[in-house]
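Quick look at what TrEMBL lists:
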DOMAIN    C:16-371  domain 'Ammonium transporter AmtB-like'
TRANSMEM  C:26-41  transmembrane segment
TRANSMEM  C:53-72  transmembrane segment
TRANSMEM  C:84-103  transmembrane segment
TRANSMEM  C:110-129  transmembrane segment
TRANSMEM  C:141-159  transmembrane segment
TRANSMEM  C:171-191  transmembrane segment
TRANSMEM  C:211-232  transmembrane segment
TRANSMEM  C:265-285  transmembrane segment
TRANSMEM  C:305-322  transmembrane segment
TRANSMEM  C:334-355  transmembrane segment
Amino acid sequence: MQPLWTEMTPEKSSYFSMSHLNHKDVHVMIFIGFGFLMTFLKRYGFSSVGINLLLAAFGLQWGLLMQGIWHLDGGKIKVSILKIINADFSTATVLISFGAVLGKTSPVQLLIMTILEITIFSVNEHLVVGLMKASDVGASMVIHAYGAYFGLAVARVLYRPGLRNGHENDGSVYHSDMFAMIGTIFLWMFWPSFNSAIAEPPLSYTQLTAVINTYLSLATCVLSAYAISSLVEHKGKLDMVHIQNATLAGGVAVGTCADMSIGPFGAMLIGFVAGIISTVGFKYLSPILASNLGIQDTCGVHNLHGLPGILGGLAGIVAAALGKKDGASATMQAAALGSSLGFALVGGTITGLIMKLPFWGQPPDQNCFDDSIYWEVRNPIPHKYYLQVSDCLVRVAEGRFVCSSY
Amino acid sequence: MQPLWTEMTPEKSSYFSMSHLNHKDVHVMIFIGFGFLMTFLKRYGFSSVGINLLLAAFGLQWGLLMQGIWHLDGGKIKVSILKIINADFSTATVLISFGAVLGKTSPVQLLIMTILEITIFSVNEHLVVGLMKASDVGASMVIHAYGAYFGLAVARVLYRPGLRNGHENDGSVYHSDMFAMIGTIFLWMFWPSFNSAIAEPPLSYTQLTAVINTYLSLATCVLSAYAISSLVEHKGKLDMVHIQNATLAGGVAVGTCADMSIGPFGAMLIGFVAGIISTVGFKYLSPILASNLGIQDTCGVHNLHGLPGILGGLAGIVAAALGKKDGASATMQAAALGSSLGFALVGGTITGLIMKLPFWGQPPDQNCFDDSIYWEVRNPIPHKYYLQVSDCLVRVAEGRFVCSSY
Amino acid sequence: MQPLWTEMTPEKSSYFSMSHLNHKDVHVMIFIGFGFLMTFLKRYGFSSVGINLLLAAFGLQWGLLMQGIWHLDGGKIKVSILKIINADFSTATVLISFGAVLGKTSPVQLLIMTILEITIFSVNEHLVVGLMKASDVGASMVIHAYGAYFGLAVARVLYRPGLRNGHENDGSVYHSDMFAMIGTIFLWMFWPSFNSAIAEPPLSYTQLTAVINTYLSLATCVLSAYAISSLVEHKGKLDMVHIQNATLAGGVAVGTCADMSIGPFGAMLIGFVAGIISTVGFKYLSPILASNLGIQDTCGVHNLHGLPGILGGLAGIVAAALGKKDGASATMQAAALGSSLGFALVGGTITGLIMKLPFWGQPPDQNCFDDSIYWEVRNPIPHKYYLQVSDCLVRVAEGRFVCSSY
């Protein structure tokens with residue numbers, strides 16, 4: 001099974017170039033975007049960006065194998081940039097699901113999830129894209145909705161009653177929210193590349209359409225996310241959780257339709273609605289899911305990827321029915337959405353049951369959301385360091401605060 | 001007014017590709033660069049990067065409309081990558097002005113400024129580029145000088161006597177300065193794309209010239225900024241404010257001449273002078289502007305964009321007089337500089353008067369430079385958290401410090 | 001000596017475009033990657049990212065001169081994108097060496113090192129690439145091994161007995177480790193561009209090979225680095241030092257062979273081994289070098305660039321012997337490795353002796369690893385600020401802690 005990449009000819013080098021460039025943008029989204037978006041937790045930054053790197057590096061190799069198995073060429077797996085992009089895409093589903101169970105799972109559990117989720121993804125993708133010929137260029141359905149509901153199903157199976165009343169470390173501090181904004185902004189900027197990366201042929205009207213539709217949807221989504229955040233919060237203030245996440249919902253929701261002739265107003269309408277439902281979901285739906293359905297969704301992936309993913313799928317059905325893309329069928333779009341959700345919920349439940357087996361080193365409730373269980377943390381902030389106040393170094397000796405000279 | 005992008009033909013796809021790539025670099029400068037550069041304030045990071053995102057997302061839509069109105073095609077606005085780049089450019093003026101009034105204005109005030117500043121920008125740009133045929137490829141005049149003096153005029157109108165003696169939160173802490181360096185470095189790296197993005201035709205000697213001139217100017221500017229910072233500071237130390245800002249002045253100042261045959265020594269001379277005047281401006285001029293003229297310029301945009309923008313305009317006049325660009329006229333260059341400054345000062349003053357109306361939710365003096373007036377801040381650092389010293393959790397009870405076990 | 005860039009013709013513009021794009025990725029690695037990777041030290045972030053910017057901006061100008069002197073054209077230095085890439089490359093050697101002496105040298109010392117190291121680099125590169133015709137596309141030998149052993153030789157000469165037992169500030173805190181991960185991830189993502197930037201011709205099978213080999217090597221290296229980190233650490237925990245550095249060793253080690261027909265399994269084998277030796281080096285070898293040989297290697301560049309660089313050189317010898325690249329000779333590859341190490345050790349020793357002269361403003365031992373000796377640090381964290389606990393502002397008065405109301 002020696003992979004080859006001889007399918008590349010010099011004539012195709014320009015094609016390669018553009019694909020490679022889109023690939024690099026997708027790469028930035030996977031490693032910086034997803035990695036830093038999850039660093040909002042006050043004591044879980046090492047795991048967020050570090051385990052994200054581990055899962056992504058592992059997932060893209062596994063994804064390359066899975067991509068290859070569906071497209072064997074004389075019994076061999078041939079590597080191409082397009083397959084590498086698809087491997088990155090399949091990895092994105094895992095990182096979305098990671099967000100749902102962030103802080104409550106061990107690296108070993110997550111590696112198991114990576115193997116299973118990418119494998120099941122490749123089956124669903126083959127079914128949806130290969131057999132149904134459904135259109136999903138920016139993968140609202142096969143990546144975002146699939147990844148979100150897969151992760152929510154896992155989270156449901158791994159429900160922890162001990163965290164019902166929250167956890168001291170399940171929240172942000174000022175600087176952790178700043179790190180998370182690095183992730184948000186890089187995701188926001190490069191989303192047009194994500195939604196246009198596999199548009200065919202790469203250097204064309206179609207790809208340009210996908211870029212501009214995504215661009216407009218994202219820009220509009222920012223406005224509605226800010227407006228609704230301010231509306232639903234105390235005294236009209238903005239909430240960092242909404243800004244970090246709901247501003248991206250427009251990119252998710254326009255995914256399926258990105259390369260269709262939906263026009264700028266279509267794209268902006270999708271982005272506008274996505275920003276609203278995402279923010280409202282964070283504010284009102286997530287607490288209900290946690291308290292009533294036992295779905296503890298750490299990052300709120302339901303609001304960033306789940307609901308906007310379904311919105312994207314529905315928009316695709318409508319656009320296909322309105323004839324916005326040659327050859328697209330509303331029936332097949334609906335079947336693709338159903339298939340993606342079905343594989344996600346069934347696959348996620350089975351995966352959750354396997355992850356629940358008691359020997360994968362899962363953290364006890366009190367160590368959730370805490371890097372120090374899996375990482376050497378030399379100097380945790382703000383805990384356990386000697387503190388200097390004015391010119392004194394504060395220590396505790398015999399139960400009293402003692403001021404030593406510095 | 002249905003936008004169309006049918007002007008794209010497959011033959012133009014390569015052109016599109018390069019433009020799209022430059023556009024992505026400009027995008028990074030707008031959202032990461034400007035956003036993080038302003039996070040240096042200790043308690044204003046959410047607003048810096050968050051409101052930057054809001055203004056930019058809104059501004060690029062408004063800018064696209066304004067661009068379109070000057071270039072109607074059969075009564076319709078056609079969207080192209082070049083128009084999107086220009087929309088990003090028009091947004092940059094607002095973000096520059098934002099720096100002058102950072103911490104002292106409400107989001108609503110800033111959205112009003114966005115609408116007015118971009119509208120007036122599009123008039124000035126049409127006059128300077130369309131009618132005068134002045135040369136300003138990297139926009140030293142129409143973006144940097146315009147944005148800076150517009151913002152300074154607004155700041156003058158919004159003068160707050162209550163902040164005359166400074167404000168506790170108008171300064172940086174260690175980690176906020178680190179976040180700001182993310183902005184600085186991304187701006188520095190991608191400035192060659194900014195100055196060459198609209199060079200015509202894209203894939204040519206002209207664009208390459210703009211890239212290399214900018215590259216050399218920036219590299220030289222770093223050296224003079226460090227040297228002068230060390231010279232003017234106590235004990236030869238460096239000042240983060242200078243490093244974060246003055247190292248970029250070379251990119252601003254070489255903007256107008258970037259595509260002219262000024263040669264590497266011309267570019268390096270411009271960068272060298274820009275680094276000097278920018279650093280000296282931060283050290284000596286800004287305090288004078290604040291105390292004598294009532295211009296409270298939070299980020300020092302006068303030193304990063306104002307003075308280097310004028311330097312760029314002057315360099316353009318000299319270069320045109322020396323015949324460094326075919327068809328460029330020193331007279332028209334001077335007129336362009338005057339026009340940009342005039343529109344900036346008049347437009348900024350009018351905009352400031354509108355922003356001064358008392359119902360836009362402007363913050364009271366004591367809440368300036370503080371995120372918590374517009375954002376839900378859960379755990380402000382370094383205030384108001386329980387602190388652990390050694391193995392004790394320090395609380396205050398009945399006026400005494402109490403050590404509870406952790 | 002007027003530089004010209006007339007060698008660019010419109011026909012070469014596509015070539016230029018791709019080179020420019022690779023150049024931008026290399027630029028991100030130099031300024032963000034190296035800069036932030038070194039911010040892991042708790043009190044040395046300004047210097048890490050700030051002095052990195054200074055050295056890189058100076059080094060790339062000096063490197064452009066040095067590149068030009070070897071390739072004079074009619075007595076003139078012609079500037080091209082390829083020469084600019086090579087100037088960035090020569091700067092990388094300095095930034096690698098900077099890591100070895102980080103925190104223990106003054107800016108003046110480092111500028112001297114920059115001049116000497118780049119000059120010697122250009123001699124070695126001319127010898128290895130120009131005369132020996134050795135193959136080193138990703139520069140495992142001429143950049144990584146050279147830069148590392150040059151820096152280690154300097155560090156040996158500048159040995160500080162006073163730091164034998166460590167230094168309070170020679171370590172990380174939580175957020176400084178997070179900033180360092182920004183450097184790690186950007187280096188990791190763009191390493192394929194580094195290793196393929198000078199592959200000839202740019203848009204071809206060869207460049208694609210270099211991209212994919214590097215990609216696979218890096219992905220595998222992450223897995224072995226995580227596995228070994230967990231194996232060698234207390235209780236199976238991960239260590240941020242390993243994750244920040246050893247995950248990149250695969251990019252270093254595959255450099256020499258990146259454009260050879262080593263196949264995916266060859267690339268993955270190299271990455272796998274690199275991750276192991278790098279992590280083991282950090283854990284076991286660095287302490288021995290410090291205590292027994294007097295080599296105080298602040299960032300552990302021996303483990304990230306030194307050992308993997310030698311591994312890359314050895315892999316290149318083997319690959320050449322196996323005929324994996326037309327025209328490559330195992331003898332010449334071995335000579336290139338020897339030459340690079342020889343120039344590094346001799347050059348580094350001489351440079352170190354010059355840097356040891358007592359008038360370059362080197363910091364005393366107690367001020368090592370501390371920004372405040374070279375920077376205005378307004379509000380160092382966590383030292384010397386008034387702290388609020390609950391609703392009290394804690395001050396020290398007459399040796400007692402006093403609670404003032406806020």
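Think of each number as a place in line: the chain as shown, counted from 1.
Backbone N, Cα and C atoms are what each Cβ position is placed from, and that goes for glycine too.
Automatic prediction, not curation, is the source of TrEMBL annotations.
With a threshold of 8 Å between CB atoms, the same-chain residues lying at least 6 positions outside the transmembrane segment (C:26-41) that come near it are 48-49, 52-53, 56, 85, 88-89, 91-92, 95-96, 98-99, 102-103, 169-172, 176-177, 179-180, 182-184, 186-187, 190-191, 193-194, 197, 240-241, 244-245, 298-299, 369. Residues 97, 105, 109, 112-113, 116-117, 120-121, 123-124, 127-128, 132, 134, 136, 141-142, 145-158, 310, 313-314, 316-317, 362 of the same chain lie 6 or more positions beyond the ends of the transmembrane segment (C:334-355) yet place their CB under 8 Å from a CB of it.
The average pLDDT for the domain 'Ammonium transporter AmtB-like' (C:16-371) in the predicted structure is 93. When each of C:53-72, C:84-103, C:110-129, C:305-322 is scored by its Cβ pairs under 8 Å to the transmembrane segment (C:141-159), the top-ranked stretch turns out to be C:84-103.
The list of residues near the transmembrane segment (C:53-72) in space but at least 6 beyond its ends in sequence, with Cβ under 8 angstroms from a Cβ of it, reads 3, 30-31, 34-35, 78-79, 83-84, 86-91, 94-95, 98, 107, 110-111, 114-115, 118-119, 121-122, 126, 130. Listed as Cβ neighbours of the transmembrane segment (C:110-129) (distance under 8 Å, sequence separation of 6 or more from its ends, same chain) are residues 51, 54-55, 58-59, 62-63, 66-67, 69-70, 90-91, 93-94, 97-98, 101, 136, 141-142, 146-147, 150, 154, 335-336, 339-340, 343, 347-348, 350-351, 354-355, 360.
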